[in-house]
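Annotation source TrEMBL lists domain 'Glucosamine/galactosamine-6-phosphate isomerase' at 12-228. If you look up TrEMBL, you'll see Asp67, His138 marked as active site, proton acceptor. The active site, for ring-opening step annotation in TrEMBL covers Asn136, Glu143.
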Amino acid sequence: MRILVCKNYDEMSKKAAQMILSQVTLKPDSILGLATGSTPIGMYKNLIDMYKNRIIDFSEVKTFNLDEYYKLPVDNDQSYHYFMDDNLFNHININRENINIPNGMAENIEEECIRYDEKIKKSNGIDIQVLGIGRNAHIGFNEPTVNFEKRTYVVELQESTRMANSRFFNSLDEVPKKAITMGTGSIFESKKIMLLASGKEKAKAIYDTIHGKITPEVPASILQLHNDVVVILDEEAASLLDTKEYKSL
Ligand code: GLP
């Protein structure tokens with residue numbers, strides 16, 4: 001794992017956007033794995049600016065998002081479909097047909113899970129997967145549990161995750177109890193992985209991810225086994241790490 005520590009959220013976001021720029025410049029038809037949550041919003045803003053300044057071209061890029069709430073209509077402003085349109089897709093020249101987000105409204109959700117994994121496979125796999133991290137070290141919506149899920153599946157959300165995400169809803173009751181998410185196995189198959197974290201409330205999850213035992217109780221700890229992971233942090237998220245372990249930017 002390469003660990004880069006940036007001064008603050010803005011620097012972290014710039015660095016992350018530069019990595020996506022390099023990826024898309026070297027391979028214009030890159031397959032990007034994308035994430036939601038507050039963490040990547042700054043990176044998306046930088047990518048939009050780069051697009052407006054004609055530095056990056058998304059016309060051949062394909063995307064796969066990690067997850068979506070279960071049975072939350074796509075036009076609900078808390079759905080991850082809505083989030084991605086609002087924070088990225090509506091502002092860049094991506095071809096709509098190249099956007100993939102799990103369909104939490106699918107009538108047959110089991111079939112949808114299989115369809116999603118097959119589509120990733122057919123596209124030859126994700127070139128770079130962007131990840132945020134939950135306070136309990138979840139990635140996508142892979143919650144701490146007793147075994148690593150390999151494939152896309154429907155997950156029951158932990159109360160702590162629902163509470164954390166309730167800040168975006170009117171009340172906790174409105175936060176869906178389930179989600180559809182790529183499994184840790186599907187995430188792990190990405191050629192490169194870029195994990196982003198900012199703020200003190202992520203420091204313990206980051207410490208456990210990098211130094212803890214590899215266990216499904218700390219879903220992100222599986223990344224220790226991947227051969228191409230870059231972790232980009234701000235100083236607060238890195239606050240429990242030893243400064244000798246990382247490169248400061
Ligand atoms: C959600 C998403 C994750 C995200 C996490 C952290 O649960 N499913 O992909 O990493 O939230 O979100 P935030 O970046 O807002 O802290």
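Cβ atoms here come from the backbone N, Cα and C positions, even for glycine.
Checking the active-site residues Asp67, Asn136, Glu143 against ligand 1, the ones with a C-beta less than 6 Å from an atom of that molecule are Asp67.
Summarising the environment of Glu143 (active site, for ring-opening step), the number of other Cβ atoms within 10 Å of its Cβ, over all protein chains shown, is 22. In sequence order, Pro144, Gln158, Thr161, Pro219, Ala220 are the residues near His138 (active site, proton acceptor), counting only same-chain partners six or more apart with C-beta under 8 A. With a 10 A radius on its CB, Asn136 (active site, for ring-opening step) counts 18 other CB atoms from all the protein chains. A Cα-Cα distance of 8 Å separates Glu143 (active site, for ring-opening step) from Asn136 (active site, for ring-opening step). A strand conformation is recorded for Asp67 (active site, proton acceptor) in the three-state DSSP classification. Across the fold, the C-alpha of Asp67 (active site, proton acceptor) and the C-alpha of Asn136 (active site, for ring-opening step) stand 17 Å from each other.
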